[in-house]
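Participant: One structure, pasted below without further comment.
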Amino acid sequence: MSDEEHHFESKADAGASKTFPQQAGTIRKNGYIVIKGRPCKVVEVSTSKTGKHGHAKCHFVAIDIFTAKKLEDIVPSSHNCDVPHVNRTDYQLIDISEDGFVSLLTENGSTKDDLRLPTDENLLKQIKDGFAEGKDLVVSVMSAMGEEQICALKDIGTK
């Protein structure tokens, strides 16, 4: 045994993996898939027959859940694809700051202040108008692969 001390730099986070593997042939429409490193919702799946080299291929057309960009990928159906862990959480809207960040109330009573207003014009207008009218608003926040974004809005009555 040596007398030197060993220091290890931990670069990994202690959370669960951002994605999990799933066989390409089992991914269906309205499921999720990672294409070009982006979490996407599948809008179309077509499977080709096996060719002379033996693999049936799955052709995925999917929309990025944060940017709404359309992405495509072709994967052999027997291979694994990454599927993102997608979570939706509801928070009550407390405040909108001048610089475009929102203050949200979590279930345990603490506040979450690290989220920007959505880029979708329609949703942005609904949130700002509802907040200005003094309505009690609940926003749905979708999170996947370390990104979060407000994706929906519910009105639970006036204050």
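Going from the start of the chain as shown, residues are counted 1 onward.
Note that Cβ sites are derived from N, Cα and C of the backbone, with glycine treated the same way.
Quick paste from TrEMBL:
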COMPBIAS  1-12  compositional bias 'Basic and acidic residues'
DOMAIN    85-154  domain 'Translation initiation factor 5A C-terminal'
REGION    1-21  region 'Disordered'
Participant: Helix, strand, coil residue numbers for the domain 'Translation initiation factor 5A C-terminal' (85-154) per DSSP?
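Facilitator: With helix first, then strand, then coil, the domain 'Translation initiation factor 5A C-terminal' (85-154) has 12 helix, 39 strand, 19 coil.
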Participant: Suppose you look only at the domain 'Translation initiation factor 5A C-terminal' (85-154); what would the mean pLDDT be?
Facilitator: 89
